[in-house]
Every structure is written in C-alpha cells, then in structure tokens.
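Engineer: Annotation source Swiss-Prot lists carboxy-S-adenosyl-L-methionine binding site at 89, 103, 108, 128, 179, 180, 194, 198, 313, citing sequence analysis.
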C-alpha cells in the first residue's frame, strides 16, 4: 500500500507538519501490523481495473458507470469486490454492480447534511470512516480534501478498490490509524465522528482529541448512540449492548451536549434524533452475518436482546472557539 500521493498532496498544505511523523508511522504499520488476510485483500484491489467513469455522481449517492464495459468485465469486477466482503457501509452503484451494504449510510448522510456548514473548499477529517462511503459524499458536497482514519485494514482495501473504480480521485485518502495516533494537527475545517464515541473507554478524551484536530472556528459533527433520558443520564451497558462487546458509555443527547461544552466547544446544537430501523441496518448478500434484527428482543423491538433501549442515534454540531 503506497501513501506517496498523500504525502505529496499535504506537503504544501496546513497539514505539512504531519510529515514529520506520518511516513515512519505508516512504514512501521506495514512492517509490523498487517492483518493475516491483507495480502489477499490487496491482491483483489490490484486485479481490479482502473476505470474512468463516463458518469459519476457523488452528490446524490456514490454511483459510476460507463458504456464501454462488457458483461464479462462487469462480472469480473463484482467477483473481486465480493472478495472484499463483508461490506458494511454504503451503498455503492458501480458499473451495474450494486453493493447493497449492511447499512444504508446514505440515510445517515441525509440526516446530517442539512444541519452542517457548507463543506465547499473545506479540509475534512472523518474519524472511524469505515470503507469511506461518507468521504465520497463529502467530496460530492464540495470538500477540497477529505482524510479518513480507521484502523480496520479491510476498510482500507475496500476504499482503494473504490478509488480505482471512481477515476483514481486523489482528493480523498484513508489512513489505517486511530484518532489516538494523530498529533494535534489543528488543521481541519470540519471533523466528523460518526458511530465512534460509544466505542471509546474515555469519551471526554475522544472529544478533546477531535477538538485538537480542528482549526479555530472549525466545526465538529458528532453522531452517536444516545438514550432518551434527562441531561444527567448515561447508560453504561454490561458485557454487551445489541450483541456488541465494546460499548462503554451511551449518554442522553442532553448529557452529551454538556460533555461537549465541558470540553470547550461552543454553539453546541442537537440537530437530529433517529431510531435505527431494520431497514437501515440489515443482513444482505454483501454482508451475510447477523445484523440488527438479530440484536433486538424478538418480542419487543423497542429493546435490545439484552433488555436495553433499542438503538437511538443523535447528531450534534459544535464549534471550536
């Protein structure tokens, strides 16, 4: 995996000081931390054709098409993309191959986009970006540069596969890092953290880490699980929540607003609440394991299988002074 293009891209940008540490960090990752299946995933990416779409739409979805592809080529693309399963965040429509992902991430984007500052010309960080679906939508909304970070290596390969099929667009780059591995860059106009906070053992530390990536006046877009309760309530689940082990703190939206203000954010707004439905998160032919339907109480879908409130998500927007 070659990150040279990204290094060259940021060399003359406000992110240039990241080059003091990042190349050595990623070289160490490639030497010491590769997943056992990484070579197989990387090979699938390598075998994919580098295509220049005749039609490309990142504004209303992530779709690309070309009249030049034969049915055999299309089938070959689908086979290689299926080698990168499971596909969790999407959907993608690529030359007649429709990747029906576990999550309808476009629905989340539709809930978020009306409430945030215009991304036109902005440098954006997407923390916990998955395979990068929202990164492409951020470009579609006018972002100048989008950097995604996610330590899951399958997501990196899925992202690079998409890049090959979307015309080798170099305005978006995914790095296999967690937020705690970033220096205090203070260089991003907008930082997104969507579906991450409840996985963090120390949520206030996470909020400070996000703040440290923003320029003064920059905007945080935070999307996470919440509970329907007063401003002082926080759920601390037992061993599992909706069958997930690594869930630590689920505050009410009001409590989360208080946390953001305690961390020094201003103009904190709760802009959306939405229950996750089994239409938004479900098993598909591109993600064949259990999904939300199996994680809810079969007799009472307002509760998880463990008896906690079913997943409710909120979007908050805040500003770094």
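Each residue, glycine too, has its Cβ placed from N, Cα and C.
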Engineer: Could you check what DSSP calls residue 108 (carboxy-S-adenosyl-L-methionine binding site) once collapsed to helix, strand or coil?
Structural biologist: helix
Engineer: In the three-state scheme derived from DSSP, which category covers residue 179 (carboxy-S-adenosyl-L-methionine binding site)?
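Structural biologist: Helix, per DSSP.
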Engineer: Far apart in sequence but close in space: which same-chain residues, 6 or more away, have a Cβ under 8 Å from residue 313 (carboxy-S-adenosyl-L-methionine binding site)?
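Structural biologist: Non-local contacts for residue 313 (carboxy-S-adenosyl-L-methionine binding site): 108, 223, 224, 225, 226, 273, 274, 275, 276.
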Engineer: If one looks at the chain holding residue 179 (carboxy-S-adenosyl-L-methionine binding site), which residues at least 6 apart in sequence have a CB under 8 angstroms from its CB?
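Structural biologist: The answer is 127, 128, 149, 193, 196, 206, 209, 210, 213.
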Engineer: As a test of the contact definition, list every same-chain residue at least 6 positions from residue 194 (carboxy-S-adenosyl-L-methionine binding site) whose Cβ is closer than 8 Å to its Cβ.
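Structural biologist: For residue 194 (carboxy-S-adenosyl-L-methionine binding site), the qualifying residues are 108, 112, 126, 128, 134, 221, 222, 223, 224.
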Engineer: At its widest, how many Å does the recorded carboxy-S-adenosyl-L-methionine site span between Cα atoms of 89, 103, 108, 128, 179, 180, 194, 198, 313?
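Structural biologist: Output for carboxy-S-adenosyl-L-methionine binders 89, 103, 108, 128, 179, 180, 194, 198, 313: max Cα distance 26 Å.
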Engineer: Residues with Cβ closer than 8 Å to the Cβ of residue 89 (carboxy-S-adenosyl-L-methionine binding site), same chain and 6+ apart in sequence?
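Structural biologist: The answer is 101, 102, 103, 105, 130, 131, 133, 134.
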